[in-house]
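Lifted from TrEMBL, the feature list:
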type	residues	note
TRANSMEM	A:12-36	transmembrane segment
TRANSMEM	A:69-87	transmembrane segment
TRANSMEM	A:94-111	transmembrane segment
TRANSMEM	A:117-137	transmembrane segment
TRANSMEM	A:149-171	transmembrane segment
TRANSMEM	A:202-220	transmembrane segment
TRANSMEM	A:241-264	transmembrane segment
TRANSMEM	A:276-295	transmembrane segment
TRANSMEM	A:302-322	transmembrane segment
TRANSMEM	A:328-347	transmembrane segment
Amino acid sequence: MLKLEKRRQPSRAWAWGAPVVAVIATILAGGLLFALDGTDPVAVIRTIFWDPLFGQHASFYRPQLLVKAAPLVLIAIGLSLGFRAGIWNIGAEGQYIIGALTGAGCALAFYPMEGWFIFPLMVICGALGGCLWAMIPAALKVVFGTNEILVSLMLVYVAEKILASMSLGLLKNPEGYGFPGSRNLAQYPSAHNAEIVAGTGMHWGVAAALIAVIFAYVLLNRHLLGFQIRLTGEAPRAARFAGVVPARLVVFCLGASGALAGLAGMFEVAGPSGQISIDFNVGYGFTAIIVAFLGRLHPVGILLAGLLMALTYVGGGISQSAQGLPAATIQMFQGMLLFFLLAFDVLTNYRLRLTRREVA
Amino acid sequence: MDLSAINPVLLVASLIVAAVPFLLAAIGELVAEKSGMLNLGVEGMMITGAICGFAAAVQSGSPLTGFLAAAAGGAALSLLYAFLTLATLANQVASGLALTLFGLGLSSKLGRGYVGIKPPASATLDIPVLSDLPVVGRILFSHDVMVYFSFALVAAVWAFLKYTRAGLILRAVGENHDAAHALGYKVKLIRLMAIAFGGACAGLGGAYISLIRVPQWTEGMTAGAGWIALALVVFASWKPWRVLLGAWLFGGVTVLQLNLQAAGIAIPVEYLSISPYLITILVLVVMSADRSRAPASLGRIFHASQ
């Protein structure tokens with residue numbers, strides 16, 4: 001029978017191999033799923049993974065990849081810090097919404113004034129909004145020991161209701177003929193998160209995501225705080241002896257991930273989305289959880305995983321129109337990816353052994 | 001605003017109905033957590049149960065078949081979680097989240113073509129004398145069968161955990177899996193069964209929403225009920241009867257805010273509808289003072305080295 005045997009050292013090969021194997025397994029299982037759905041699996045897989053990069057209209061889709069990857073990477077970088085330390089912020093979706101609301105709210109407060117300082121101010125407001133929203137579970141965890149998973153998740157639903165209320169009330173476009181939704185920030189030059197180089201999809205959010213990757217890398221590898229985060233995740237007792245204050249880590253990890261999620265929301269509302277509307281959020285906060293794990297909670301890994309996940313979004317979108325693939329299938333596809341990853345991850349710390357059944 | 005439009009008898013009667021999905025999902029999760037498995041996939045299993053039950057009930061025309069299919073669907077999905085956590089020793093939090101993300105996608109895929117259909121109606125209990133009693137009859141004796149089934153399930157789980165040998169073993173596995181293993185109990189098998197039971201109950205809870213409470217199918221219709229059920233288990237300090245109490249509290253808040261909306265109270269609808277989530281947070285804060293009741297092995301990975 002097959003038996004798991006603990007490795008003395010985690011296998012480096014499998015640590016990086018598991019995500020690759022998981023992606024391949026997901027593609028195979030996904031192909032089966034598409035075939036059962038009555039679509040040609042090879043065509044669908046090619047549409048999702050090949051066409052956005054090298055297909056006929058790739059020049060149109062490549063910028064879209066950056067636009068989709070930026071919020072995913074920004075959020076996932078923040079989440080990975082907490083996940084490494086065993087602090088589970090599941091409510092990034094809520095922090096993303098609140099960041100978008102505070103960022104857009106800041107811009108709309110100045111409308112129609114023009115000024116160079118408006119956009120930087122929006123960035124600060126967006127980060128602060130997301131950070132404060134994440135401070136709710138952080139404070140409750142530190143003061144009362146409340147479970148941060150459930151609190152941060154409940155706050156997603158609260159944020160969604162606030163979003164609905166805002167787009168129907170306070171932030172509604174007064175010149176919008178009664179339609180729900182705010183003014184379009186794309187038509188407000190001082191607040192518009194325009195592309196840095198036109199036609200590349202490279203907006204300020206993409207730049208922020210790259211900066212976040214570098215900062216996270218330096219933090220985790222070269223800074224005491226990063227060491228404490230890793231230590232707490234790998235050996236909580238040793239961390240206590242080393243003088244790590246758990247409360248400080250909780251506040252930092254939740255605060256940082258909240259701020260980054262808030263930033264992602266703010267860049268999205270000021271750029272690609274343009275306005276606050278009832279259905280503004282599309283689940284980036286949840287998909288980012290998959291991105292964080294797929295990237296092995298490592299900044300560079302997350303960057304690659306974010307691009308791959310963006311590919312499934314863009315490719316899935318093309319496939320929706322080309323082969324009539326339902327949107328839910330892509331969501332399932334992403335869920336499956338996390339399943340396979342978690343399953344193959346066991347080989348990092350254990351090896352499979354064939355043993356004969358013995359009498360106990 | 002006209003508060004007199006709210007009939008207290010009807011309010012209590014509908015509170016009991018509103019509490020059933022929370023109750024079913026939470027009692028299942030309680031058993032899983034008692035065995036040491038923290039399954040955060042309740043939301044995913046509920047929504048999968050909701051669509052499995054709905055589809056089966058529409059196809060067969062029988063609500064009973066629907067509920068059976070829902071239990072089977074929820075349990076089947078929970079086996080994925082069991083495989084990840086028991087066989088491949090994956091992190092329980094991550095595996096549960098994966099289950100929820102996958103379940104939400106799966107359900108909306110399965111649910112295409114069922115939007116806007118009405119499911120077959122479930123029969124309500126009608127006992128000649130009891131159901132006609134003035135107040136008590138309306139509150140206690142005029143619901144559908146699932147309401148009474150959920151009460152019976154709570155009683156059964158309570159008795160199972162407290163008075164049976166199997167219940168004792170299950171609790172032992174949850175408190176100290178290494179000791180239970182040393183005593184020769186099959187830790188993984190016991191946990192597998194507890195997880196499957198939790199999945200079946202969550203599926204039933206989801207189907208109750210899509211077949212009786214709403215009754216129709218819309219994407220994401222459980223709207224966080226699974227997460228509230230998880231909070232309920234903490235609220236109940238892992239005690240079955242307190243789950244019942246907690247479910248009524250949440251059912252009460254849900255029904256009351258709907259009634260206040262209907263009565264046209266001056267608070268905007270959006271703010272009323274966040275109240276169940278805020279109350280959940282509040283309750284968690286109050287209950288988190290006492291962590292001692294949690295099963296000691298909750299969330300820990302079990303790997304028998306010998």
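Cβ coordinates come from backbone N, Cα and C, glycine included.
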Surrounding residues of the transmembrane segment (A:69-87) on its own chain - C-beta under 8 Å, 6+ positions past either end:
96, 148, 203, 205-206, 208-209, 212-213, 216, 219-220, 228-230, 232-233, 236, 249-250, 252-254, 256-261, 263-265, 267-268, 284-285, 287-289, 291-293, 295, 297-299, 302-303, 305-307, 309-310
Surrounding residues of the transmembrane segment (A:241-264) on its own chain - C-beta under 8 Å, 6+ positions past either end:
70-71, 74-75, 77-79, 81-82, 85, 87, 89, 92-93, 95-96, 98-100, 102-103, 123, 126-135, 137-139, 141-142, 148, 152, 205, 208, 212, 225, 228-229, 231-232, 284-285, 288
Who are the long-range neighbours of the transmembrane segment (A:94-111) in its own chain, taking Cβ under 8 Å and residues 6 or more past its ends?
71, 75, 118, 121-123, 125-134, 152, 155-160, 162-163, 166, 170-171, 182-183, 185, 188, 190-191, 257-258, 261-266, 268-270, 273, 275-276, 280-281, 284-285
Rank A:12-36, A:149-171, A:276-295, A:302-322 by Cβ pairs under 8 Å to the transmembrane segment (A:328-347) and hand me the top one.
A:12-36
Counting Cβ pairs closer than 8 Å, which of A:12-36, A:117-137, A:202-220, A:276-295, A:302-322 has the most of them with the transmembrane segment (A:149-171)?
A:276-295
For the transmembrane segment (A:202-220), distant same-chain residues with Cβ under 8 A (at least six beyond the ends):
63, 66-67, 69-71, 73-74, 77-78, 80-81, 84, 119, 123, 193-196, 226, 229-230, 260, 263-264, 267-268, 271-272, 299-300, 302-303, 306
Remote residues contacting the transmembrane segment (A:117-137) - C-beta distance under 8 A, at least 6 residues beyond either end:
89, 91, 94-96, 98-107, 110, 146, 148, 151-152, 155, 159, 190-191, 193, 204, 251, 254-263, 265-267, 270
